[in-house]
């Protein structure tokens, strides 16, 4: 909105010319989203407490989690509000990629909100059925998959880190691949959101890295120089990534141990869906496995645990899954698990950036 309202005035006052720069608007979007969450957070917490919308805790979970029962949840609504407002204020609204990512993010948020509502209303950790949730996620991911495959300028080619001349073309199967990436990312972030600040921290890192890659992918000179796919208009997604960065950082203010509120499925499913969608749109799909390594690790731990449990008829690989619970069972304190996972996330984020030159 600022671009459309203020940039045209640069002919009368040169200072308004700054609104054409993606870098400035990305910073503005991040700061705006951060401040929105920071200032609205206390009001949101009081409102959730008054409405008695609190966290439901698993009976078979670690005993240290029982004290989390009743802590305000669905903080993802606040994240989505700040992301939406900041995006509408700072992004170019004539860019279809902005609308695509924003609407898909909100759609995944709606899935999570309904899931949270069912959990809270039933006072149980079981919400929307796994099959129902998966079908809705697939429907949302298909929107991105079909858009990317059918939109002029896109194709079914993959961009593989470390290999500048290897770009396999999946053809129509790219749509299926896109669904796997987006749905997988959404569920991976959801599984990670089990400790105070555990999901928000890596999301800050991931959104910062994808902000950089979105900016580079939207600049034809830099994209060609770095041997990454050029995607016309994707530079504006740096602004959306900025809103994710700011919103998650602001949320972390209240979600750090001991948490004053949780994001709920409305937050985790939406953030994961947003991350996966951005990865698909800017053609940096495999980079997500690196920068989102913490999310991947958490998801894999659940799949391995369930698979091995069934194959071995009752035996387990980990003391408890997802992976963060394994370390809790080993005696690590919650803050220690979270901070160490943050450290891993930062290292992976830096490594992801390094892939720009390791080709």
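Just so you know, the numbers here start at 1 and follow the chain as drawn.
From the backbone N, Cα and C atoms, a Cβ is placed for every residue, glycine too.
As annotated by Swiss-Prot, transmembrane segment applies to 27-47 (among others).
The transmembrane segment feature in Swiss-Prot is assigned to 71-91 (among others).
Residues annotated as transmembrane segment in Swiss-Prot: 93-113 (among others).
Annotated transmembrane segment per Swiss-Prot: 134-154 (among others), in sequence order.
What Swiss-Prot lists as transmembrane segment is 170-190 (among others). Away from its own ends, the transmembrane segment (170-190) comes close to residues 104, 108, 112, 134, 137-138, 140-142, 144-146, 148-149, 155-158, 199, 203, 265, 268-273, 275-277, 279-280, 285, 288, 292, 295-296, 298-299 of its chain (Cβ-Cβ under 8 Å, at least six residues beyond either end).
Taken from Swiss-Prot, the feature transmembrane segment covers 203-223 (among others). If you look at the transmembrane segment (203-223), the same-chain residues 6 or more away from its ends with a CB under 8 A from one of its CBs are 22-23, 26, 189, 229-238, 240-242, 244-245, 248-249, 252, 271, 275, 278-279, 282-284, 287-288, 291-292, 295, 342, 345-346, 348-349, 352-353, 356.
Annotation source Swiss-Prot lists transmembrane segment at 234-254 (among others), citing sequence analysis.
Look at Swiss-Prot and you will find 262-282 (among others) tagged as transmembrane segment.
What Swiss-Prot records for 286-306 (among others) is transmembrane segment, and it gives sequence analysis as the kind of evidence.
Listed as Cβ neighbours of the transmembrane segment (336-356) (distance under 8 Å, sequence separation of 6 or more from its ends, same chain) are residues 161-162, 195-198, 201-202, 205-206, 208-209, 212, 216, 226, 228, 257, 287, 290-294, 324, 327-328. If you look up Swiss-Prot, you'll see 336-356 (among others) marked as transmembrane segment.
Taking residue pairs at least 6 apart in sequence, the transmembrane segment (27-47) and the transmembrane segment (234-254) share three or more C-beta contacts under 8 angstroms. Same-chain residues lying 6+ beyond the ends of the transmembrane segment (262-282) with a Cβ under 8 Å from its Cβ atoms: 55, 68, 71-77, 79-80, 83, 97, 100-101, 104-113, 115-116, 119, 127, 137, 140-141, 144-145, 148, 178, 181-190, 192-193, 199-200, 203, 206-207, 210, 213-214, 217-218, 229, 231, 234, 237, 240-241, 244, 248, 251, 255, 288, 292, 295.
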